[in-house]
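As written in TrEMBL, here are the features:
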TRANSMEM  21-37  transmembrane segment
TRANSMEM  43-63  transmembrane segment
TRANSMEM  84-103  transmembrane segment
TRANSMEM  109-128  transmembrane segment
TRANSMEM  135-155  transmembrane segment
TRANSMEM  161-177  transmembrane segment
TRANSMEM  206-231  transmembrane segment
TRANSMEM  251-271  transmembrane segment
Amino acid sequence: MVKPLFLLLKAGRPRQSLKNLSLFTGLIFSGWLFIPAKFWTTVAAFFIFSLLTGSVYLFNDLLDLESDRKHPFKSKRPLASGQLSVPLAIFTSLAGFFVSLYLGWALSFFLFLGMIGYLGLQLIYSFWLKKQPIIDVIAIAFGFIIRVYSGAAVIGAHLNVWLLLCIISFSLFLAIGKRRSELTLLQGKNASRQVLGRYPEKLLDVYTAMFANTTWLTYALFTFMFPAFVFSGKALTLLSILPSTFHSEKWLMATIPLVIYGVMRYLHLIYEKNQGESPAE
């Protein structure tokens, strides 16, 4: 009994649930992180959305069963390796769809709409979009955008237009990096994903560089346009003892180097370690 449950959990790729942390974007940048009601609502949305995405991964593995068996890494997954039975995977995937959608409806109608949109996108992607070059990576990126807006809508947070552009650029950067790593790993053997044969290596390099730059640039513009932090009160703070040289109303800009490091780190994973196929790892 324990082994099938473990295999189901593994097939749902819990590490990929890290992508669902994007639901916290609206909470963080709205300044509501420390409001208990908003925080716990977003946490609940995270777990509900993770149940849905885990079910989608399981469903995709069922559709790609034969091609995954030819893949150097995907062949080790529970379904592709034969450790997990197909009937159990089908039942669990369908149950996950219905349970997650019901919970999403119970928590927020807007979350439910976002989950319906995400599920519809993934179904279209699995059957058609993943075979279309360029459109396939746009679909992957759109999945991130749905997550972000679902998390913001569930608590009524507003998203700055520059933050939206940053999210779009970052999502496309991750999607292109995923394709670039897959192309390197398969070394020209595109049997497991036919669309890779329609991506010239140099073109993917251009796309990668383009979205790497737009990611940190749009984030920098977002921090510049972000409302100034106002510190008040008589309590002694670090800001009050700093010389005027370091006084600024745009303290969020101090996080720009962290974003640049993140972009450079992912590029390092793509080109040096060939690990960009799974950004969550």
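Backbone N, Cα and C atoms are what each Cβ position is placed from, and that goes for glycine too.
When each of the listed stretches 43-63, 109-128, 135-155, 206-231 is scored by C-beta pairs under 8 angstroms to the transmembrane segment (21-37), 135-155 comes out highest.
Same-chain residues lying 6 or more positions outside the transmembrane segment (206-231) and placing a CB less than 8 Å from one of its CB atoms are 29, 137, 160, 162-163, 165-166, 169-170, 172-173, 176-177, 180, 237, 239-240, 249-253, 255-256, 259-260, 263, 266-267, 270.
Among residues of the same chain six or more beyond the transmembrane segment (109-128), those with a C-beta under 8 A of the stretch's C-beta atoms are 45, 48-49, 52-53, 56, 59-60, 63, 97, 100-101, 136, 139-140, 142-143, 146-147, 149-150, 153-154. When Cβ-Cβ distances below 8 Å are used as the criterion, the transmembrane segment (161-177) is approached by residues 22, 25, 29, 136-138, 140-145, 148, 204, 207-208, 211-212, 214-215, 218-219, 221-222, 225, 263, 266-267, 269-270, 276, 279 of the same chain, each at least six residues removed from its ends.
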